[in-house]
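Student: This structure is in structure tokens; I'll ask about it shortly.
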Amino acid sequence: MSLRMWASSTANALKLSSSVSKSQLSPAFSISRCFSSVLDGLKYANSHEWVKHEGSVATIGITDHAQDHLGEVVFVELPEENGSVSKEKSFGAVESVKATSEILSPISGEVIEVNKKLTEAPGLINSSPYEDGWMIKVKPSNPSELESLMGSKEYTKFCEEEDAAH
């Protein structure tokens, strides 16, 4: 009995709902909560890239939500240093066991550094999307573009609504 009460309270805390009728033998659960980590202090694009702006440098990568949906990342294609990126235009690709996805730049600017570790260890995007899995560092050409990106609360709500629609 106490195990059933614990399971029920845990399911309620995690906002799990059973979609099982009493006549069914094997339960099926749906998760109605976004479990991906979203960090304060970053900006987020609706294409699931993040930007960390510090001084004259903006670091860009894909979000925890994006890497979770992609699955195990096996290959990353990134631009050359000293090239340029444009807002909402592709600057590379991420290949996972599920699919290949383009990476869109959330801002425009000059690529000043590329994370070369991702060539040998693309899985860093899965294990550390906001730290070791960053992709490029950019010198923004139009810093006001950052204002059009979402903060952490807006991005969390965006992900929850997007997941609910699928």
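Placed from the backbone N, Cα and C atoms, the Cβ positions cover glycine too.
Below, the features straight out of TrEMBL:
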DOMAIN    57-139  domain 'Lipoyl-binding'
MOD_RES   K98  N6-lipoyllysine
Student: Give me the non-local Cβ neighbours of the residue listed as 'N6-lipoyllysine': same chain, 6+ apart in sequence, Cβ-Cβ under 8 Å, ordered along the sequence.
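Tutor: Long-range Cβ contacts: L70, G71.
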Student: Can you tell me the mean pLDDT for the domain 'Lipoyl-binding' (57-139)?
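Tutor: Result for the domain 'Lipoyl-binding' (57-139): average pLDDT 96.
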